[in-house]
């Protein structure tokens, strides 16, 4: 029960989901189709005014500049009307995006905490193993050496001289370092 996320009223609604830039552009184009239409009309009026200016037709050029102003006014009205019409939906979308960001931040934080807990557990396990090894080494140092049979000892030392006294890597490096000085 603790691992399950809290239920959200927006989970069941397919309208509220994360979207890519292209999906967002398409959605906005479908929501407010008059804005791109007004922009296209403005561009077309400017193009026609440019062509009229190149041709030297000042009357047509003035008409096209007026048409550009009307097209820009139409675009501005479409922006304002669309903003008023979709105001509540935009507020809901902003709230949803905030919730998504909070959820991602919480997941990131939880993953970080899990990683810290795992590292802490590994560190504790290592310390316990290290303490057990040290305790075993101290115990081995306190035990008396077993009695050796000379024949076996001579044969064993000839075959396996490293078993008699094993030194660690650090001790060997330290000995080499001291010999050089």
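In case you wondered, yes, glycine gets a Cβ from its N, Cα and C as well.
Here's what Swiss-Prot has on this protein:
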type	residues	note
DOMAIN	6-97	domain 'HIG1'
TRANSMEM	33-49	transmembrane segment
TRANSMEM	69-86	transmembrane segment
REGION	136-160	region 'Disordered'
For the domain 'HIG1' (6-97), what's the mean pLDDT in this predicted model? 84
List, by number or range, the same-chain residues at least 6 past the transmembrane segment (69-86) whose CB is under 8 A from its CB atoms? 31-32, 34-35, 37-39, 41-42, 44-45
Can you work out which residues elsewhere in the same chain, 6+ from the ends of the transmembrane segment (33-49), have a Cβ less than 8 Å from its Cβ atoms? 60-61, 64-65, 67-68, 71-72, 74-76, 78-79, 81-82
